[in-house]
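Working notes for the structure below.
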Amino acid sequence: MMAVASSRTPAVTSFIAPLVAMVGGGQLARMTHQAAIALGQNLRVLVTSADDPAAQVTPNVVIGSHTDLAALRRVAAGADVLTFDHEHVPNELLEKLVADGVNVAPSPQALVHAQDKLVMRQRLAAAGVAVPRYAGIKDPDEIDVFAARVDAPIVVKAVRGGYDGRGVRMARDVADARDFARECLADGVAVLVEERVDLRRELSALVARSPFGQGAAWPVVQTVQRDGTCVLVIAPAPALPDDLATAAQRLALQLADELGVVGVLAVELFETTDGALLVNELAMRPHNSGHWTIDGARTSQFEQHLRAVLDYPLGDSDAVVPVTVMANVLGAAQPPAMSVDERLHHLFARMPDARVHLYGKAERPGRKVGHINFLGSDVAQLCERAELAAHWLSHGRWTDGWDPHRASDDAVGVPPACGGRSDEEERRL
């Protein structure tokens, strides 16, 4: 009997990509979009301008303000979840979105601990978590009482909105602290005052948590600050005792669980000179201290954030190499005449292993316009190369006087450990 071909068309299974809405169009949203592409997801972003970093790369854009409820509703419409590139959305607007049925991650109840430093300090202190000694200030004269009590240098901080050293005054004396507090209060900005910690260094413990309650922790890193801005991240933190690293990871996972965080949580820490850990700040989103994970970890913070807010199983957060160093590229006081593209060309000629991530932002003094990752095993060498590369991209000038026209292996920056010639070998040639 002859077989007869079926005339029926095989069923086609359509794929509907999960839609994640993100408030904010900066570099964090831009890099989250890059992670979403690999996962087959659709990221919609709320931006203030079509020139914002994320708007340059994603086609799904809503232009509007994060303080406009109508704009927030537009970006959230039909999304599986709404998450954040920054913490500046007014909490009362997020509560209205939740009432509309929007899945907001992290929730407004969790996010307030990253928005309001005083609320965060009070919650953590009540839970027995070590924080610097602090006080909320309603009258500048209250600073005198606090300063007398702690008998230490003091710092005045805006309760909301400060970042990268903004909204923070490392007071010279009590009078300076009073003046800054008076300025803030006159502008309607609430302030707190805290002791200036005698610290060894600053650390960051980065974790992620899903609605299911699964947690994942990356290695604890050291952050290097200059003028209030992070310039370097070393992963893992050099010479950090295992017990202290484990304690920092456990603390971050505990805070994520107790605060109900969904997504990435960065816990900024002070390591004191006597080996204690104090919580400085919280961020409930991908964080500058986690940019190393793009190249240096099995799962980047951006992919992990997407996994977490969509309640996927979380990825492996282990490092892929012994050491990764990340250097921020900051806008120079005087932008160089050489184009960014030409600077990039010269950088790759000298350092072909540099992992460059540029944000599509106009160069302005001190502005974060990109970052560079270097992977390897020698901390000192990686830090040196990262700082050289970042300064070159910022200023168009090599701080070590390197000559791109010198014909040697050094022209491509191959260190001896990677097969390049040592200085002694060069002298023998």
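First residue shown is number 1, and so on along the chain.
Using the three backbone atoms N, Cα and C, a Cβ is placed for every residue, glycine included.
Residues or ranges marked as ATP binding site in Swiss-Prot (evidence: sequence analysis): K117, K157, E194, E195, R196, V197, E202, N280, E281. The domain 'ATP-grasp' annotation in Swiss-Prot covers 121-310. Residues or ranges marked as region 'Disordered' in Swiss-Prot: 406-429.
In the three-state DSSP scheme, R196 (ATP binding site) falls into the coil class. Around E281 (ATP binding site), the C-beta neighbours below 8 angstroms that are at least 6 residues distant in the chain are A114, K117, M120, E268. Set side by side, the binding-site residues K117, R196 differ in how many other CB atoms lie within 10 angstroms of their CB, and the most is found at K117.
Across the annotated binding residues for ATP (K117, K157, E194, E195, R196, V197, E202, N280, E281), the two most widely spaced Cα atoms sit 18 Å apart. E202 (ATP binding site) counts 19 other C-beta atoms within 10 Å of its own C-beta, drawing on all protein chains shown. Mapped onto three states, the DSSP output places E281 (ATP binding site) in strand. Mapped onto three states, the DSSP output places E202 (ATP binding site) in strand. Restricting the average to the domain 'ATP-grasp' (121-310) gives a pLDDT of 94.
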